[in-house]
Each structure stands twice: as C-alpha cells, then as structure tokens.
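Asker: The following block contains the structure, expressed as structure tokens.
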C-alpha cells in the first residue's frame, strides 16, 4: 500500500501527474466506509520495522550520550566540577542527524523520524544550555555573584531567563534547518515549541519574579497557545481533505496548542487546586463541552484529550458531593468513557450538525464534510 507521502514524492519526481494522484485519492476514498477527514489520519507506523528501528536508535542515542558525558568528565569539560558535559547532548544531536540522513531522507520511516526530530532538537537545546552554564561557572563564584548576583536573586533569575531564551532560539533555528532538510511534519511543532520557549523566557526576564508572575505567565502561555492553534488552522486550511503532509503538520501543531490553551484556562480559573466545588465542576464540564464543539468543528480530537484530566477530576468531585463516595471513580470513568465512545461512533453526524449551520466563508476554512467528493489537493 502506498502512503500519501510516497504519492506526493511520486508527483514531485514526475512519475505521475498531480491530476492522476488526485484521481487515485478520490477512488481510494470512495472505497472506504468512513471519510479521510473524520479518521484524522497521520503517519506513525509503516510496519513493525519502525518500532524495531526506533528501539535500536534510542539505545544508540543513549550510548553516544553516555560516552560523550564520560569523555567530558575525563577531560574536565563539565559544568561545575563533576556536573554534566555538553559533549553528551552534542554527540546525541550529531548522531540523530546522521541517522536521519538514512532513515528519514532515504527510508522515509515515520516513527524513527519522529524520535530523531525530538532527539535532535532536544539535544541542541541541552548542548547550548550546558555550554552557557559552563561559561558562567568558569567565571568563578565570586565574579559570577558580583556581575549577576546569586542565582536566586532577581538579577540572577533574569540572567537565567535570558540564557534560556538563547538556548530556545538556537533550538528553533535547528528545528527550521531540520525541516528544510528532511520535511518531517513534527519538526514544525518542535520549532513552534522552541519559539514559544523564547517568548516565555523573555517574559520572565522582563517581569522578574513577582507575586503576579505566575498569572501573567499562564495568560501569556494561553496567548501563545492560541497563536499556535491559529498557525495549525492555517496548515489545516490548506489541506481540507487531509490527504497531504500539511495535514500531519497541522496535527502535531494542534497537539502542541491544546495543552497550551487548556491548562492556563483551567489554572487561571482556579480549577486545579486539588479540590472542586459543585459550581467549579459545572464550569469545568461546560468548558469541556465548548472545547468539544470546537474539536468537532475543526475535526481535531487533541483539545478533548488535553482537557480530559480536568473533566475527570470535576466529575469525580461532583459524584462525591452527591454521595457516591465509593463509586465516584467508577461512575466518572463510566460516564466519560461512554460519552467519548459515543462521540467517536457518531463523529461525522455530530460534525455535520455543528458545521452545517456555519457561514460558508467559515465552512470553507474547515475540513470537508462531503466524503463522496473530496476536494483535489496539490502535492505537498
């Protein structure tokens, strides 16, 4: 069976025309009982070999990181006499890139490619952060304290935030370079996460540690989450039939945006303090219903999954308040599990009920509802 990416690559190579690729997609979709948009497909596995290669790659990355740390300790290239060495993550980043040249660029394996993206971008961040830490500690404690103050002081925290923003910036640049080279869909989300880290670190550097820092930071994360969500919708809008690589990019961006939106909202409302009253429980459920409507409209389930922990806790508290102390967990699981399974079974019908009344200008930006006549998409 040919994957969507392989069809796109065949079009790019001139093996088949774009119209032939669209005709093939139309025919295959017509043979299926469910629509491609409703399934929210994305590439994760092409076979068990993906799992096999991913396990082997993870073992190799751990090994080279361990060796790099050992070399750093033996040569004294460590943070603060005996601490971590940047040689470990540097070796991981180099190895992840080398592996991607074969397993991503040539073999186009999905799961190993995702693993190698996270390993590369994360290792680049760790390398830069450890280099910064080693430079700072090489100044000596007295000189460091004179210039920037103690790490717990306001000046010290500002310096840590600035250094963090630099590490995030280098990571974002690394993610961009990786995307330009290999075009792995998850790389865009990794770059967006790094860019969000830059903005958040600069915010901490600007406002410092105050009594309102937490609330400001949560509000800022919410704004960043909405920005990532809109960015994801831009990718989604360019592939309304979910048939090209752009849909996979949007999937990972939605997966990143969902917790960035959900967690600040519930935290700012004070709904994660370990207890919930009846009123708070009702608010949580109402918000979850609103998120569900949004998820149906955009045909993305990430919002529902991200808020699941909050609604489970809220329902459990409600059952406990009404006297179902012994069975509150079981009843909560029963209600949520049944509701989500029912929603999954009737997802297309529910989407149709939500999307059909919307203005046409808005419907044209959402995934298609008509499964029988998908809109042709250019190859990604």
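Cβ coordinates come from backbone N, Cα and C, glycine included.
Model, not experiment: these values are computed from the prediction.
Not my notes, these are from TrEMBL:
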{"type": "TRANSMEM", "residues": "51-71", "note": "transmembrane segment"}
{"type": "TRANSMEM", "residues": "83-103", "note": "transmembrane segment"}
{"type": "TRANSMEM", "residues": "115-138", "note": "transmembrane segment"}
{"type": "TRANSMEM", "residues": "158-177", "note": "transmembrane segment"}
{"type": "TRANSMEM", "residues": "184-205", "note": "transmembrane segment"}
{"type": "TRANSMEM", "residues": "217-237", "note": "transmembrane segment"}
{"type": "TRANSMEM", "residues": "249-271", "note": "transmembrane segment"}
{"type": "TRANSMEM", "residues": "277-297", "note": "transmembrane segment"}
{"type": "TRANSMEM", "residues": "302-319", "note": "transmembrane segment"}
{"type": "TRANSMEM", "residues": "325-347", "note": "transmembrane segment"}
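How buried are these features, and what lies next to them?
Answerer: Tertiary neighbourhood of the transmembrane segment (83-103): same-chain residues 53, 57, 60-61, 64-69, 71-73, 77, 109, 112-113, 116-117, 119-120, 122-124, 126-127, 130-131, 133-134, 137, 174, 178, 181-182, 184, selected by CB-CB distance under 8 Å and a gap of 6+ residues from either end.
Tertiary neighbourhood of the transmembrane segment (115-138): same-chain residues 54, 57-58, 61, 65, 77-80, 83-86, 88-90, 92-93, 96-97, 99-100, 103-104, 144, 148, 163-164, 166-168, 170-171, 174-175, 178, 184, 186-187, 190-191, 194, selected by CB-CB distance under 8 Å and a gap of 6+ residues from either end.
Residues 38, 292, 296, 304, 308, 311-312, 315-317, 319 of the same chain lie 6 or more positions beyond the ends of the transmembrane segment (325-347) yet place their CB under 8 Å from a CB of it.
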Asker: What stretch, picked from 158-177, 184-205, 217-237, has the most CB pairs under 8 A with the transmembrane segment (249-271)?
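Answerer: Per the Cβ under 8 Å count, 217-237.
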Asker: For the transmembrane segment (184-205), find every same-chain residue at least 6 residues outside the stretch whose CB is under 8 Å from a CB in it, and list them.
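Answerer: Same-chain contacts beyond the ends: 42-43, 100, 104, 113-114, 116-118, 121, 125, 157-158, 161-162, 164-165, 168-169, 171-172, 175-176, 178, 213, 216-217, 220-221, 224, 228, 231, 235, 245, 248-249, 251-253, 255-256, 260.
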